[in-house]
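Engineer: So TrEMBL lists the following for this protein:
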type	residues	note
DOMAIN	16-214	domain 'Aminopeptidase N-like N-terminal'
DOMAIN	254-470	domain 'Peptidase M1 membrane alanine aminopeptidase'
BINDING	HIS325, HIS329, GLU348	Zn(2+) binding site
SITE	TYR411	site 'Transition state stabilizer'
Amino acid sequence: MDSVSLDTYRLPTDTVPTHYDLKICTDLKDLTFDGAVSITIRFVNDTSTILLNAFELELGPSFVLIDGETITPTDQSLKTDTQRVALSFAKAFSAGSEAVVRMTFRGKISGLSGYFKSEWVHDGVMEYYTGTFFEPTYARRAFPCWDEPALKATFAVSLISRAGTVNLSNMPSYFEGPYNPEQDPLEPSFGTGKDAAEWIITRFETTPKMSTYILAFATGPFAHVEGSFTSALTGKVRQVRVYATPDLIGQAQFPLELTMKVLPMLETMFDMEYPLPKMDILCANGALGALESWGLIVGDPGAFLFDPATGSTATKKRVVDVTSHELAHQWFGNIVTMDWWDNLWLNEGFATLLGSIISEKLYPEWHTAAAAVNLSLKYGLNMDARLSSHPVQVACPDANRVEETMDGITYMKGASLLRMVSSLLGEEVFFKGVALYLKEHQYKNSVAEDLWIALSRTSGTDVGKLMKNWISKTGYPVLTVTEVPGGINVRQNRFLASGIAKAKDDETLWIVPLRLQKINAQRTILFSGREEFIPLDTEQPFKLNASSTGFYRVLYQTEKLNKLALEAAKGIISDMSGLMNDAMALAKADLAKLSAALTLMDGFAATEWYIVLEGIAANISALLDAWWENPNIVECLQRLDRHIFVPLVSKLGYHYDAGESTDTAAVRTLAIKRAAYARDRSVMAELQAQFSAFTANQEASPLRPDLTPVIYTVAVRHGGMKEYDFIWDILKTTKSPAEESHAAFAIGAAEDSVLMAETFGRLLKQNDSNVDWLLAALSANPKSRRPMVQFFKDNYDILQARFETCGFENYSQQPFRLLATVEDYEDTVAFFKTKDTSKFTRSVDQTLEAIQTNIKYLERSTTDISEWFVEWSARHP
Ligand SMILES: [Zn+2]
């Protein structure tokens, strides 16, 4: 291997793949697969070594075909640490020549990544099927390949499986028939013991040039629903299908129709036809969320399935969001792909933004764009307010650590930055630029700079210069606004959850699109200095960051300025939400008083806009999470909750009217939920009565889907073993992923120590998806939070082994992040010191920083919040 300079992380560029002929034979009975791959490669340099990726595969002998000659390697070694296989040859191949590398391999179908195993219960028996999840670096677990996004090639896939199964891949099949090993001389290894009557082979058309991480295939007893869409650009008709196991297929009509609607919309927005002959979505149990594999999206059933009869609006919103996100990737990500994982944020940020833009277009009554202020924007700003954060464009030399960067910064800050650009340029100009970018880079790879160039050309604004620090630097600014004669002074400093950054961490100056909202008027100023004067009539209402599309916070120095901003924001959902979220964050960072934020929030509480109320509820929840071990403040916050939401329950009642607005229905759901969680007796009694009627006769007294989660929760929280068992039974038997999460959260909400112990005792025996939900639920319940920390510590090794490849870094944050004492901090530091956290050091740092921030918050603001409530209570006896 001396002849090759071995970069530790990237494959050498001596050889590039151009085409894969991939054959996979899946045996669902013994959960193994055999494979053979012929990879056409081109030698870029003279080399006697061929280096590619493979991991957890048992490799058979390989050889190279070149100019009609078969050459076997002198050595073939598989290195586990680098996940590579090296083929060494006696003689060097010369640059410019082409060859075919042939390899055979065998692997186990297991885990949740690579070629993974899904389970379902059929006639009382556990059966299995498969799917693929290759992003970022798991294709190499299914077949040897050049597993890097820039090494694009075409793929011709053939799948062999037992008769009676359905085989799926990115492209449509052009042949399916009995598999006769004798007629397949190239694959003698597949012949052993296979009877042509029992096996089939499905051959798929060749894909366009694409990256390995979006390749997909699956084998199983799939049922499907089918439709089609007509290209908005060419009139061509393409088939759309949603696949699932037969027990779930009844919930597939909604995502099918959604996909049929969204694809032509995206064609128009991108001014580019959908490039493949068909679009399938496969719902596979246990998949890690959803993956945009080209022409065959694979995801957890919860991401796509929706039953209009029993599904809640929240589930429907999620399905629209996720489906649109994955469909947007079919262009942005699949046709044009990031060159390397450091630009993953662009891919994910864009698809996340598109998820919300499509939702807004399809369901304007959901106010999705304004809702983003409480979702992606709020989440991104919170995540990025830590010293341990990272730039969206994060250096990621080691592809095996990409997952660590697939976090809220990548998705939520990424989406928010693109929203900021889009609102600055205007959506139409923005999409013109996106379309230009897609055309110029189709079937190739790109970096963010390429998008900026296209956007600059369509807008005339230097977008690259504007975005430079937003994407390459950690953090974002807080703008401090002071009143001066003739206008205002605006100063920018880096914002941290712990306050304004110290000078050494406060060197970045961002170019801030400063949109100024006045009554019925807006204007935009690009602010790039440390401090600037802006002429303005400070007797009239004004607010910076109009529509809250900017990725920054604004601190108004005086009560007068706060009042003017509040006045300017009135009636604009996004501005009201943005102001409130800023006020709470500034208070937590000690830049303003928490009491001032509470007063502002109280001032908006009379609204009936769902999104504003949802923001208020989330802020109260955040305070409950902060003071969860202070019973007096918990009681005050619950009183505030009841004060805001019980009157809404009284006004709106429990009945959902078919003709009412989505907003009214959403407010009712929220109000009932908040009142119940804040333990309002009459609301709890009503929900318990509904639960009793439901358990007595489910058909006669079905639960309203929107209320199911809170009804289950109240039933378990205030019930005994009977209610607990009833809900546990739902958790174990439900076919609905949403129902599964509702049941898990109800189980996790138990406050009775016997029930809690029961849950901990059963936890690890459950399937992965149940474990996932239960861990989150037990961490969310203040009563089980400390036991959960202990359970996590006690079972750390088991959990890590089980979830290592699927988001273990998140599990490692969940139980600890709300701890708020110095002792907790020290314990947590000491605990992680004893563990190998090398794959998620950043995640551990974030947890520790969160605990420290919590400690300071309580030290600083406990008196302030207590005093505010004394005064508030006097006003609301
Ligand atoms: Zn995505």
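Glycine too: its Cβ is placed from the backbone N, Cα and C atoms.
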Engineer: Around the Zn(2+) site formed by HIS325, HIS329, GLU348, which additional residues qualify by having Cβ within 8 Å of the site's Cβ center?
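Structural biologist: What remains near the Cβ centre is GLU292, GLU326, ALA328, PHE332, GLY333, ASN347, PHE350, ALA351, THR352, LEU354, GLY355.
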Engineer: Please report the number of other Cβ atoms within 10 Å of the Cβ of TYR411 (site 'Transition state stabilizer').
Structural biologist: 25
Engineer: Should TYR411 (site 'Transition state stabilizer') be counted as helix, strand, or coil on the basis of DSSP?
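Structural biologist: Reduced to three states, the DSSP call for TYR411 (site 'Transition state stabilizer') is helix.
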Engineer: Does HIS325 (Zn(2+) binding site) have same-chain partners at least 6 apart in sequence with Cβ under 8 Å from its own Cβ, and which are they?
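Structural biologist: In sequence order, the residues whose Cβ lies under 8 Å from that of HIS325 (Zn(2+) binding site) (at least 6 apart) are ALA290, GLU292, ALA351, THR352, LEU354, GLY355.
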